[in-house]
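Engineer: Pulled from TrEMBL, these are the listed features:
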| type | residues | note |
| --- | --- | --- |
| DOMAIN | A:20-241 | domain 'MacB-like periplasmic core' |
| TRANSMEM | A:21-41 | transmembrane segment |
| TRANSMEM | A:285-305 | transmembrane segment |
| DOMAIN | A:291-406 | domain 'ABC3 transporter permease C-terminal' |
| TRANSMEM | A:341-359 | transmembrane segment |
| TRANSMEM | A:379-400 | transmembrane segment |
Amino acid sequence: MLLSYLKIAWKVLLRRKFFTFISLFGISFTLMILLVVYALYDHTVGPHTPEKKVDRLLFVNRATVSFKNDNGSNNGTISYSFLERYVRPLRTPEKISISSYFGPTAAYVGNQKLDVDLKYTDGQFWEVLDFDFVEGRPYTVAEVQSGAHVAVINERTCRAYFGTTRGVLGKTIETDRVRYRVIGVVKDVPGMRFNSYADMWAPISTSTQDAKDPSYFGDCMAIIQARTPADLAAIQAEFNRVIDQVPVPDPKKHEKVHVYAGTLLSSTVRWFNNNSTPDDGVADLMGKVALVTLLFMLLPALNLINVNVSRILERSSEIGVRKAFGATAGTLIRQFLVENVFLTLLGGLLGLVLAGVVLHLIDSSGFIPYTTLTLNPRIFAGGLLLSLLFGVLSGVYPAYKMSKLQAVQALKGGRN
Amino acid sequence: MNATTLFSAPTAAPSTRATAFQPVIELRSIEKVYQTKTIETVALNHVNLVIHKGEFVSIMGPSGCGKSTLLSIMGLLDEPTAGVVEIEGRAVQSYSDKELAALRNHKIGFVFQSYHLINDLSVLDNVELPLLYRPGVSGKERRERAYAALDKVGLSARTNHFPGQLSGGQRQRVAIARALAGRPELILADEPTGNLDSVMGEEIMELLLGLNRDEGTTIVMVTHDEQQALKTQRLIRFFDGSQVS
């Protein structure tokens with residue numbers, strides 16, 4: 001029976017080419033937008049290299065010091081000394097890494113300037129994150145402590161500076177007039193992964209920043225690794241207890257220090273919202289995203305409903321015949337839903353292809369450094385799910401209307 | 001004459017097979033009224049009718065006299081405003097949509113004036129249609145029965161054609177094969193030759209007569225053609241919603 005439904009669905013699509021085009025375009029375009037947005041989301045907060053074990057990581061990347069009497073607040077990235085003093089001693093995490101944010105430096109290849117984003121890290125950074133090494137190794141905790149001028153560089157920098165991505169270990173790279181010995185080359189990290197992204201990574205002990213500066217604000221962040229995902233809550237509880245005890249810089253002016261350890265999604269949302277309240281805003285954002293998605297999907301769904309209802313009248317003879325020969329209302333609803341799901345899956349497939357093209361264009365535009373937005377299985381599954389939702393959404397009402405058509409009226413080709 | 005005759009013996013072209021005088025369908029005091037805000041139209045007025053197994057009955061009357069409405073009610077496609085429809089001795093007015101659909105599927109085959117074939121399906125797929133809604137019939141069995149039905153109407157060479165590729169007479173043969181595929185007790189034919197020229201109409205009529213004569217299929221046919229009606233075993237005339245003879 002399914003085969004018969006699919007045959008009919010295919011013929012109906014071919015019979016009304018214009019309507020089919022309009023329907024498919026609506027579905028595929030909407031899905032394409034949703035898939036591109038989802039790909040960006042997944043690329044930013046999903047488990048990708050080097051933040052593969054994202055379900056075991058917490059990120060501490062902003063601090064806020066609020067003023068008394070609701071008089072505003074200061075906020076910004078955190079100093080190395082603050083993280084060393086209050087975060088490093090935490091007992092519940094498995095590992096803790098402190099690193100700087102990436103900053104621009106300049107290297108020269110002949111007379112050609114090469115922009116190199118440099119990030120200073122501790123030795124644990126390489127244990128907490130999972131970089132893909134093309135060759136060489138990361139620097140160790142001992143090398144960081146000894147202030148060794150060693151560096152790990154990405155493939156793009158390696159190619160641009162040395163003209164190759166292989167056999168550069170032991171060679172020297174000079175940025176901002178500081179010379180580093182290359183000990184490792186890693187695959188490029190997308191710019192959207194701002195907790196780990198850089199062109200070059202060097203021991204934090206080689207930074208010119210004053211590690212003992214007592215200010216709460218600086219240019220550092222911490223990445224905390226739990227033993228298991230279940231440990232995250234306990235780590236956050238300990239973290240919050242410690243932060244509650246942090247003295248304000250100036251008791252006369254300041255009221256409280258706010259720092260949060262959040263998941264990648266939570267810390268990213270908090271970062272973009274510049275949010276210093278205990279609520280990270282993820283639930284609110286997700287609610288809004290769901291609403292916008294629903295509204296966005298509603299338009300082609302309404303279009304499909306409209307097209308489908310008019311198609312019903314064209315097919316009233318078929319409905320009448322099917323009823324006359326024993327089809328129940330339920331059977332007809334199933335048939336029409338199958339047809340609709342078939343149409344939307346086709347639209348979904350087209351949407352996936354379009355999304356693939358758009359993602360490729362984004363990747364190759366260089367708009368976001370080293371971005372490799374691809375249609376991975378998660379996104380493909382999301383697309384299929386959305387297609388099915390579409391099919392059901394736009395098929396239920398027309399199918400119900402069709403099933404209510406009386407056989408006698410349907411055979412006469414009229415409205416019920 | 002008012003429509004009070006419950007049954008009359010065959011009046012023309014007696015069947016070569018003895019009818020079993022077993023009622024296939026019985027209508028008692030059937031009324032059908034179409035009601036709009038301003039007008040009430042009586043389509044059927046107190047109709048009593050019994051169709052027996054193996055009969056070939058034709059119904060005649062002027063346009064709008066209610067004969068097609070009567071056929072729809074007999075085929076369980078429409079509900080009477082009042083009265084009782086019995087199929088093989090069981091009143092069906094309390095049946096659910098699902099039960100009525102099953103009854104139509106097993107007991108009744110339809111042949112329409114304008115064929116009502118599904119143009120997007122092949123001849124074979126069209127003929128298989130009634131069996132699609134019959135649980136337990138395998139795809140293989142469906143095919144076999146559809147082929148057999150097409151063979152009976154002489155169209156076994158056209159199985160992969162589409163309705164648009166056939167003549168009117170051939171389309172009606174496909175429609176008859178579709179009605180036969182489910183092996184129903186009763187075939188209801190609503191002006192089956194109405195859209196055909198006289199030669200093709202004659203062919204279709206011969207086919208229906210043969211089915212009745214050779215297979216014992218019970219047929220009720222609405223027609224405007226008196227010549228064809230006279231070939232059937234019983235002729236019922238309608239006028240203004242009532243049976244007049």
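Placement of Cβ uses the backbone N, Cα and C atoms for every residue, glycine included.
Can you tell me where each of these features sits in the structure?
Structural biologist: Only residues 6 or more beyond the boundaries of the transmembrane segment (A:285-305), in the same chain, are considered here, and those with a CB under 8 A from a CB of the stretch are 22-23, 26-27, 29-30, 33-34, 269, 340, 343-344, 386, 389-390, 393-395, 397-398.
Sequence-distant contacts of the transmembrane segment (A:341-359) (same chain, six or more residues past either end, CB-CB distance under 8 Å): 5-6, 9-10, 13, 20, 23-24, 26-32, 35-36, 39, 304, 373-375, 379-380, 383-384, 386-388, 390-392, 394-395.
Sequence-remote contacts of a segment are chain residues at least 6 beyond its ends whose Cβ falls under 8 Å from one of its Cβ atoms, and for the transmembrane segment (A:379-400) they are 27, 30-31, 34-35, 38-39, 42, 297, 300-305, 308-309, 311-312, 332-333, 336-337, 339-345, 347-349, 351-352, 355.
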